[in-house]
Amino acid sequence: MIFNSEGDDSTADDIYMTTLGHFGQLWTSSNATGSGQDAILTASQTENAWQTAPNDDATMLMPFVGVKLKRHVILGQAVIDYLACLLFFLTCLIKRFRMARPLRKVHASTATIANYTVQITGVPQDLKASDFSAFCSRWGGVHRVELARSDSSLISSALLRSRIDNHLKATVACAHRAASRGRRIQPYITQAEKLEEKLFAANTKVGHLQKARRHNRCVCAFVTFTEEKGRAMCLAANPNTIGHRLFASRETKYRGTHVLVAHKAPEPSDLQWENLECTFWQRMWRHIATDVLKYLLLILGFILVNLTASLRNKYGTDASNPASCQTDCNYTSPSGSLDPSADTLLRYAQCAAGLMSQGAPCNSADTECFKCLCVSELSAWNFGYAAYCWPYRKAMFTQIGTQVAAILIILVVNQAHYILASYTSKFERHHTHSKEELLLAHTIFLGQFLNTSISPLVANASLPPLRSRVARVPVLRDIIFQGQLGDLIPEWYRQVGRSLIITIGLTGLMRSLTVPQRWLWYAGYRAWGRRYATTQQQLDKAYEAPSFDLAWRYGEIMNVVFCTMMYSSGLPVLYPIAALSFALSYWAEKAELLKMCRPPLYHNDGLARQSGSILPYAALWHLGFAAWAFSVFKTFAPVGSGLQFFKRFVISQGAFINGPFFGTSPATDKHIGERVMERQSVFMTVTFYVLLAALLLRLAAFLALQIYSSGLSVLSFRTTADLAEHGLPPLALAKQYKIFVGPERYSIKDCPEYDFAFRTLSLGDELDPLMSQQVPSVLIRHSTINVQPSGV
């Protein structure tokens with residue numbers, strides 16, 4: 001940031017002076033004249049300008065180091081950025097491996113029912129616990145077998161009954177309050193009678209479902225062994241692999257026909273019992289349907305961001321030829337900076353108004369230069385010339401309005417994506433809360449990253465092949481892929497870079513502001529409950545602490561990390577912005593968790609492990625963008641002979657990337673490869689491909705290991721060493737030594753959140769003799785408040 005602030009590109013304006021675009025001009029305009037002056041390149045000049053010779057002797061006065069060659073300063077910046085990225089990558093790897101140490105200590109000193117239990121699927125629908133216990137005893141002593149049945153109808157009906165019951169109690173309470181105040185109660189009586197009929201029907205249905213539950217089909221079984229070894233033997237004998245499903249022997253099948261598949265059982269509080277009957281393919285189709293909705297929302301946001309870029313390019317500038325503005329006008333300093341003198345400003349303004357300047361006649365060039373100057377300054381958000389350039393206020397308002405609109409669109413789409421993902425995650429019917437949270441965090445991160453980082457980048461890029469293809473669709477002809485920025489020129493940092501900085505900063509700030517917002521909301525809700533609650537259930541709900549949404553926080557934090565790492569080489573101000581965002585979030589969310597929220601019931605280490613495995617990939621995004629950002633300054637530094645083969649490989653990759661998107665000539669394909677192999681970017685390019693190859697090899701090794709394990713399980717060669725035995729004592733001794741924590745069985749009836757489904761509701765057993773002469777019997781039967789008659 002310090003080096004960039006000393007740049008010599010143009011008049012500095014707010015955030016732009018901290019970006020790499022402010023560091024200086026890109027290439028020399030001409031070597032033939034011997035002037036050695038840099039020129040600001042526009043989008044139309046970008047594609048061929050890289051071939052021109054640079055000014056290697058350009059010097060800059062830098063803080064702390066004095067006068068240095070510009071190419072040396074650029075190389076120093078690139079090296080510092082590269083070392084910081086490697087430090088980030090190594091830190092992510094170290095933290096990921098160190099994350100497992102406290103977990104191993106916890107598992108070695110604490111036991112839960114899940115350490116001795118397996119979840120077995122593929123069982124017959126008429127399974128009996130006693131018969132299955134005898135079958136599973138071949139792997140070790142069986143402590144208990146619990147059967148999970150298809151209880152979704154019972155749970156949904158009981159939930160509907162609870163809602164009707166609460167509504168009826170609230171109506172009765174309102175009627176008593178109205179009667180005590182001498183008001184009309186007939187509307188409440190009519191509504192209570194209807195609700196009573198609905199409640200009677202719902203209660204009857206729930207009673208039938210409760211009695212018939214033991215005949216419901218069995219969807220899976222939870223087998224708890226007396227020792228941890230029995231659990232490991234069962235998992236080894238019934239692996240969740242394709243080979244086992246296809247080639248299992250008849251002896252290993254239950255009743256000779258049912259192929260059993262064993263899974264590590266989650267904690268009882270983590271289960272969503274009503275979703276266990278949903279099969280893999282049913283959940284897959286639901287997941288595909290919800291993904292379509294979420295990506296349609298992202299596409300809508302992408303179209304709107306493209307629309308703002310199209311409007312800015314169409315109405316945000318009135319200059320006809322930016323190149324002629326630099327050659328024909330006299331408002332630039334010898335280095336190319338915008339530095340008009342007072343006489344120049346007066347002449348341009350008078351000529352634009354049709355007046356004479358110092359007795360000299362005005363010409364069309366002066367009017368055009370006035371236009372060029374105003375558009376350049378207003379496009380850079382330099383409003384010191386706002387009054388002077390008021391005739392071109394249209395360009396000013398369009399520039400500001402489109403950028404503000406793009407930022408608001410991204411923030412609104414991010415929020416809408418989170419709300420949609422939260423609702424659709426319930427529709428996907430995951431078997432556990434932790435799995436639901438994992439996919440929700442991943443969905444929020446991926447959607448917000450695409451919307452925040454990729455969407456504005458693509459919307460403002462010059463992509464002629466894609467533009468020509470979209471032009472065939474009349475509706476999208478003037479909306480999508482209308483960007484004019486062909487490279488990371490200073491204009492890119494003014495338009496796209498500034499918007500990215502503001503968007504990422506607001507994203508982190510909004511996450512911190514949600515904490516006081518939620519506190520105010522629940523404080524107001526509790527105040528409402530104290531004053532207006534009519535039933536005990538309403539008062540309890542008003543005082544119920546909110547839940548701590550960990551998945552949403554993980555998704556947004558990962559989005560900020562990836563956005564910051566991707567663009568921080570050219571926009572280093574993102575580092576302090578992200579650090580401040582995380583500091584505010586830490587203290588705000590710590591206070592929220594300890595002072596306002598109720599303790600989480602089913603969080604595990606899944607979110608932390610997922611984040612730890614994804615974070616190293618942020619270094620890849622950083623290296624890819626940094627190699628392109630720093631190589632925009634050409635230095636003609638030759639590549640060593642040892643990298644010639646690698647250089648040819650990168651050049652071939654340039655043709656693969658350039659053709660479909662930019663549509664330039666094969667000669668330019670070569671220049672793309674040569675560009676990223678410049679002295680200030682070659683080490684980033686090489687490291688990018690090395691890390692990419694390492695991560696791909698890691699993925700390939702993981703898949704090969706899965707196939708290998710599947711083959712061993714078919715051949716009965718698989719051991720129990722990889723099944724996470726923690727050396728725990730037998731279940732009875734674990735309870736005796738008091739290292740056993742949590743519930744002792746897998747039963748839906750023991751879960752407090754499902755208590756409503758098995759409760760018997762008695763109707764008409766509560767009487768209030770004081771109201772027998774004034775309130776109808778329907779209110780007496782459901783009265784829960786002792787209210788005296790009016791006037792007593």
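Please read every residue number as a count from 1 along the shown chain.
Placement of Cβ uses the backbone N, Cα and C atoms for every residue, glycine included.
All annotation found in TrEMBL is predicted automatically rather than curated by experts.
For the transmembrane segment (74-94), the residues of the chain that approach it from at least six positions outside its boundaries are 3, 20, 23, 565, 568-569, 612, 615-616, 618-619, 622-623, 626, 630, 633, 635, 679-681, 683-684, 687, 691, judged by C-beta separation under 8 angstroms. Here TrEMBL flags 74-94 (among others) as transmembrane segment.
Residues or ranges marked as domain 'CSC1/OSCA1-like cytosolic' by TrEMBL: 116-275. Over the domain 'CSC1/OSCA1-like cytosolic' (116-275) the predicted model carries a mean pLDDT of 89.
The transmembrane segment feature in TrEMBL is assigned to 292-311 (among others).
Taken from TrEMBL, the feature transmembrane segment applies to 400-420 (among others). Among residues of the same chain six or more beyond the transmembrane segment (400-420), those with a C-beta under 8 A of the stretch's C-beta atoms are 293-294, 297-298, 300-301, 304-305, 308-309, 311-312, 316, 381, 444, 447-448, 451-452, 455-456, 459, 495, 498-499, 502-503, 506-507, 510, 552, 555.
The feature domain 'CSC1/OSCA1-like 7TM region' is assigned by TrEMBL to 402-606.
Tertiary proximity for the transmembrane segment (560-588) is limited to same-chain residues at least six positions away from its ends with a CB under 8 Å from its CB atoms, namely 1, 4, 15, 18-21, 81, 85, 88, 445, 449, 452-453, 488, 493, 497, 500-501, 504-505, 507-509, 511-512, 515-516, 553, 615, 618-619, 621-622, 625-626, 629-630. The transmembrane segment annotation in TrEMBL covers 560-588 (among others).
Positions annotated as transmembrane segment by TrEMBL: 682-708 (among others). Packing against the transmembrane segment (682-708) from elsewhere in the chain are residues 78-79, 82, 85-86, 89, 241, 616-617, 619-620, 623-624, 626-627, 630, 639, 643, 646, 650, 676: each is 6 or more residues past its ends and has a CB under 8 Å from a CB in it.
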